[in-house]
Amino acid sequence: MEDFVRQCFNPMIVELAEKAMKEYGEDPKIETNKFAAICTHLEVCFMYSDFHFIDERGDSIIVEVGDPNALLKHRFEIIEGRDRNMAWTVVNSICNTTGVEKPKFLPDLYDYKENRFVEIGVTRREIHIYYLEKANKIKSEKTHIHIFSFTGEEMATKADYTLDEESRARIKTRLFTIRQEMASRGLWDSFRQSERGEETIEERFEITGTMRRLADQSLPPNFSSLENFRAYVDGFEPNGCIEGKLSQMSKEVNARIEPFLKTTPRPLRLPEGPPCSQRSKFLLMDALKLSIEDPSHEGEGIPLYDAIKCMKTFFGWKEPNIVKPHEKGINPNYLLAWKQVLAELQDIENEEKIPKTKNMKKTSQLKWALGENMAPEKVDFEDCRDFSDLKQYNSDEPEQRSLASWIQSEFNKACELTDSSWIELDEIGEDVAPIEHIASMRRNYFTAEVSHCRATEYIMKGVYINTALLNASCAAMDDFQLIPMISKCRTKEGRRKTNLYGFIIKGRSHLRNDTDVVNFVSMEFSLTDPRLEPHKWEKYCVLEIGDMILRTAIGHVSRPMFLYVRTNGTSKIKMKWGMEMRRCLLQSLQQIESIIEAESSVKEKDMTKEFFENKSETWTIGESPKGVEEGSIGKVCRTLLAKSVFNSLYASPQLEGFSAESRKLLLIVQALRDNLEPGTFDLGGLYEAIEECLINDPWVLLNASWFNSFLTHALK
């Protein structure tokens, strides 16, 4: 790699990169990937500024090399590549002369035309994620961010790309060439995998002041200081009688340890009430896709272009009407919102050039659906001190709901195979350490089992929707932006396919804190008639919008097409986790690995191959009311993945509480099965803690019912 860098880059750039690395105590001969990355970044910064000048009138102009007009002023000041002291001197001098706010981190360039600092990024990873990391690190709206990737993608603050297309194309071509050159020498894979996220340095802190006093105050009785208590805990020998130890620790505790027998545990009490309703951010088994195969239209890859192309594949549109109203909403507004989407998509088509994004007109129906001007006015606490009767407003207890059969059907469907592949082989990420080829082999076997799984489709759909929504929330805060819900896959024959599930319209999104909410309206296609399970669709208004001709064994049948519309909301932190749903693949792969490891240690050899290729063997998947469920290893992989995906899709405080508390009971039951004669105290309190989490969440209720099945079979 070092030789390649010295051949590929201008000697001045190589020298600057070496200097920069030495300044941070790094060796270009050892950290060769970092050396290449620094050179690439420097070259992009220089290319960004090359040939760009400002003329006497203050306009930006491009002048190629060799032009005699030496009186022109450079448009960009290059900060990257200078030593730190010099760089900060330049930044300070710019801030003093222009009045621009001083940045927290050293930027790469200053743009005299736009009067702003510019941060240039070059990434080998997914461009959206890198952009968000940069934005989170800089935390300044004044510094303009512009990211390039080696795949020819780019992303910039508010989609303002600063330079003309030709200059940017030059940079993209150069990056592509570097990638090709590296690949031809077998260096690309290691370079691509070596990129780490943006790092911020955390300070180590001692416990002092108030925190120290709080720590001392919260010690158990009979302890004078934190050190004293730590020493006691470190030296605590847990043998002997537990009751005695407990009474030693505190006079108030008197615990009677009760033996835990097969007859001790009772089933969890599930709540009574109306059946629970669907609460995921997008439709799962009921979703319908409008798809195009081998997309090659102009602007392919731009979501709005793709969406319009997908919409054109369907010819059965009809005058929409409401078939299942939302109990509490103003249903005609949902109908008008869909009509508005259709009308505005039609308007786009009539324009000469289709725009890359579409902001909806702020009509009364959209303002209502997105809760515009509905938030209560915020008042500064200082202005309220004099009111004696200040109190938090009363909120009702959530209404209890009973388990409904649809959530088990949703889960079963998520474990099934589809006829498309949703991930490429390297989606789970390459091995970083050369830990033999076993890890790669396991990953490839696992990927083969889950790449066609419906849960994997949900992952890619979730990643896409959350990424698009978070980007729009940051880039178009005040706009009601129309966001197509899109996914991409490959057919059995390996043909690329782009799918449209429907649309989202985003509300105002001035998201300062992680938990600030952005409202959105989702409109999703479906063939499911909502009248079959109206309780599932309590939060939706459902329209009938067309008729679809389906091929079946008995010929062509016409089925009504529905649109599921609802108001929903999410936050920055939820979108961040949604963008990272691919982690579910990793989590379930690790669970499978631990099963293989256990098997391998018994047999004293690696069992990976036998594990995946012995199709006759069945494995325990779980326990249902019917008994212990068994299936192939592929089914185990897909079930574990579906569980992980549903934990992400249905994440909630109820799930957190249920998982943490039920685990304690699970461990006690496991100990009983292993003949370890467990003892418990306050088992009633544990049941109470578990059951207070069983309120109305469909996924938690299903897990609780599975838990009851497990108890029944475990204690036979």
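Even glycines carry a Cβ here, placed using N, Cα and C.
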Ranges 60-75, 108-123, 124-139: which does Swiss-Prot label motif 'Nuclear localization signal 1 (NLS1)'?
124-139
Same Mn(2+) 1 site as Asp108, Glu119, Ile120 according to Swiss-Prot: which of His41, His297?
His41
Students should find that the Cα atoms of His41 (Mn(2+) 1 binding site) and Glu80 (Mn(2+) 2 binding site) sit apart, in Å rounded to an integer, by 9
Across the motif 'Nuclear localization signal 1 (NLS1)' (124-139), what are the DSSP residue counts per state (helix, strand, coil)?
12 helix, 0 strand, 4 coil
Reduced DSSP assignment, Ile120 (Mn(2+) 1 binding site)
strand
Confidence summary (mean pLDDT) of the motif 'Nuclear localization signal 1 (NLS1)' (124-139)
81
Can you tell me how far the Cα of Ile120 (Mn(2+) 1 binding site) sits from the Cα of Glu80 (Mn(2+) 2 binding site), in Å?
10
Beyond His41, Asp108, Glu119, Ile120, what residues of that chain have CB atoms within 8 A of the centre of the Mn(2+) 1 site's CB atoms?
Val44, Cys45, Glu80, Pro107, Leu109, Val118, Gly121, Val122, His146
